[in-house]
Amino acid sequence: MAEPVKDKIEMNSLLVSPDDSSFINDPKTSLHLPSPGTSYGSTLSVGPEASTANLLKIDLEKKLSRHTGEERETWGNRAEFLLSLIGYAVGLGNVWRFPYLTQKNGGGAFLIPYAVMLAIEGIPLFYLELAIGQRLRKGAVGAWNQVSPYLQGVGIASAAVSFNLALYYNTIMAWCVLYLVQSFQSPLPWSTCPTHIEGNVTIVNKECQISGPTTYFWYRETLNVAPSINSKSVLNWKLVISLLVAWVVVFLCMVKGIKSSGKVVYFTATFPYVVLVIFFFRGITLHGYQSGLEHLFIPEWKKLADPQVWLDAATQIFYSFGLAFGCLIALASYNPVRSNFVTEAFFVTIADFFTSIFTATVVFCVLGFKATATYEECLRDNNNTMSISDGNGTVTKCDFKTIISESASGTGLAFIAFTEAINQFPVPQLWSVLFFLMLFTLGLDSMFGTLEGALTSINDMMLFPTARKEIVCGIVCGTMFVISLCFATTTGSYVFAMFDSFSANIPLLIIAFIECVAMSYIYGLKRLSLDVEMMVGTRPGYFFMFCWRFVGPVAMVVIFTASIVEKLSNGTWYEVWDSSKGFAVMSPWPGWCQVVAALMILSSVLWIPGVAIAKYFRLISWKEEVASYFPEEELIEERGIEPHEDTVIEKYLLGFK
């Protein structure tokens with residue numbers, strides 16, 4: 001039988017691809033070799049020196065197919081996957097969300113719980129989700145259905161959170177569009193306060209005079225913010241148009257799937273670092289920058305007793321790294337089975353952590369400059385006296401810590417701080433264009449991963465089995481644009497704050513908790529360890545397995561319980577713009593907002609028990625999930641994996657059976 005096969009290969013090499021080894025039954029058969037090189041994700045060499053056994057396994061990934069029978073897309077190369085992870089993880093969560101949470105939670109006091117959560121949640125969960133996606137080769141819905149049919153709701157819950165996140169993250173991109181368009185004006189519209197003429201006198205706008213031009217421009221010109229969330233809501237047409245532009249750009253970038261977004265990230269993942277470095281060197285030359293850095297790095301120790309600080313730190317890890325959204329599982333599902341995702345997990349999480357710290361450093365340099373200028377002006381107005389007597393006692397008029405806390409806060413912190421820095425640059429229009437283009441690209445990166453997780457889940461559930469991906473993507477983006485119009489109103493910034501405070505933080509904790517418990521106690525750490533060994537050649541260390549089985553779940557339960565108790569004891573609050581004072585003040589959420597917040601949380605987490613109940617009682621006829629092909633026997637043989645003898649720790653602590 002060997003000779004006819006050999007003749008067939010030699011005479012008809014153009015008709016039979018060496019990628020298809022199914023017809024070969026003689027290991028001594030000679031093959032036409034492709035040009036020397038390496039296949040992404042493969043440990044097999046491709047060249048004249050390669051063995052016949054290896055050649056029979058080259059590009060095995062091309063046989064890996066989804067339950068639809070179609071070949072699954074894969075990343076063009078390892079760099080595309082790595083840059084997509086960096087672009088997804090290093091995004092708006094670092095440049096926009098991290099600085100304002102740091103400001104909200106006492107500066108340096110926030111960095112300590114953030115570092116702790118990085119170690120016990122961030123890196124272990126990032127590792128775990130990449131392993132799940134690469135091993136099961138499905139989006140979050142399909143992957144969790146493979147772990148257990150009763151866990152399919154975890155994937156749907158992740159997709160629901162991704163939709164909520166995409167809704168308001170794209171609003172940040174709309175704000176960027178608005179600022180970007182106005183960056184071509186000279187002078188920049190946020191560089192001076194507006195004026196009007198009364199008779200022969202030029203009057204400066206009083207609200208702007210109190211708050212400062214950058215803060216005024218954010219609250220009044222950009223948001224046209226209402227006094228509270230209970231105020232009458234009116235559409236802001238500038239924001240409506242900006243939202244439309246943002247969603248059209250996202251659709252055009254997403255419509256071709258990872259083959260197009262994988263190319264875009266070469267620019268979007270690297271450009272922000274260039275701009276941030278430039279702003280850093282400008283920031284450390286500003287007068288008073290060191291005061292801002294002291295506020296950032298010297299903690300208020302009493303803040304560590306506040307469970308809200310720990311909840312914010314824990315959930316910021318999810319936002320920063322994109323954990324529990326299902327997006328990492330989706331991105332890793334396009335990986336070849338031999339890709340060493342462990343390297344990417346360590347590199348991306350550490351890079352993400354230092355990017356957050358670096359961005360906060362830039363922001364607080366500017367805040368220090370802004371607060372120092374206000375503080376010195378306050379001293380001049382009070383004859384260089386910090387405190388004065390008003391007859392009822394001594395009143396501190398010029399307190400630097402109070403001033404820096406009020407100089408900029410909330411969701412607009414990055415916009416206010418960076419526009420203040422832009423005003424200090426020569427040719428500020430150039431730097432304004434660069435910065436808001438950078439922020440827009442960061443938003444695109446975040447949206448790529450967020451929507452990819454949601455769209456992959458829709459595809460895995462076969463909700464639109466005959467529709468082309470472009471059509472599904474268009475329907476999703478169009479629907480989300482219509483819903484996101486609620487952010488483009490005079491009360492939209494308050495609705496935005498509600499989404500940011502409630503739509504993802506508690507649901508992400510619950511989803512991540514179930515992920516750890518499911519993989520540790522249902523799928524099993526022994527099985528997971530073998531999967532990782534087959535894919536990357538080494539088993540996960542005890543540290544990761546202890547975090548998945550014990551440390552992570554316990555930390556999440558403690559933080560969740562403490563935050564619920566704290567909210568019940570102290571109530572829930574949000575920032576409202578006080579035009580008479582020139583800064584935002586805290587106000588309790590109205591009752592109806594708390595009901596809406598509860599519905600936001602339930603809209604995602606109820607999928608978890610709901611789907612489990614529906615499947616258990618067979619209330620819905622579910623199509624049986626077909627597992628994606630995984631070459632287990634071939635990988636065990638290729639890597640020479642021997643049967644593993646369980647240690648005492650593995651048997652009695654880690655549940656190996």
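Glycine is treated like the rest: Cβ placed from N, Cα and C.
According to TrEMBL, the transmembrane segment annotation covers 81-99, 111-132, 153-181, 235-255, 264-284, 317-334, 346-369, 430-451, 471-496, 502-523, 543-565, 589-614. According to TrEMBL, the feature Na(+) 1 binding site maps to G87, A89, V90, N94, L442, D445, S446. The Na(+) 2 binding site annotation in TrEMBL covers S320.
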Stretch-level contact, the transmembrane segment (543-565) and the transmembrane segment (502-523), CB cutoff 8 A, at least 3 pairs: yes
Contact call for the transmembrane segment (81-99) and the transmembrane segment (430-451): at least 3 Cβ pairs under 8 Å, seq gap 6+: yes
Long-range environment of the transmembrane segment (235-255) - Cβ separation under 8 angstroms, sequence gap at least 6: 170-171, 173-178, 181, 222-224, 261, 264, 443-444, 447-448, 451-452, 455, 469-470, 473-474, 477-478, 480-481, 484-485, 487-490, 492
Chain residues outside the transmembrane segment (153-181) and at least six past its termini with a C-beta under 8 angstroms from it: 92, 96, 139-145, 222, 238-239, 242-243, 245-247, 249-250, 324-327, 329, 415, 419, 432-433, 436-437, 439-440, 443-444, 446-447, 450-451, 453-454, 457-458, 460-461, 480, 483-484, 487-488, 492, 496, 499-500, 503-504, 507-508, 510-511, 514-515, 518, 600, 603-605, 607-612
Dominant neighbour of the transmembrane segment (502-523) in 111-132, 317-334, 346-369, 430-451, 589-614, by Cβ pairs under 8 Å: 589-614
Sparsest Cβ surroundings (other CB atoms within 10 Å) among the binding-site residues S320, S446: S320
For the transmembrane segment (111-132): best-contacting stretch of 317-334, 430-451, 589-614, by Cβ pairs under 8 Å: 317-334
Local Cβ density at L442 (Na(+) 1 binding site) - other Cβ atoms counted within 10 Å: 27
Beyond the flanks of the transmembrane segment (589-614) by 6 or more, those residues with Cβ under 8 Å of it: 150-154, 156-157, 160-161, 164, 229-230, 498-499, 501-503, 506-507, 510-511, 514, 571-574, 620
Beyond the flanks of the transmembrane segment (430-451) by at least 6 residues, Cβ under 8 Å: 84, 87-96, 162, 165-166, 169-170, 172-173, 176-177, 179-180, 183-184, 188, 246, 249-250, 253-254, 261, 264-265, 267-269, 271-272, 275-276, 278-279, 322, 325, 327-328, 330-331, 414, 418-419, 422, 473, 476-477
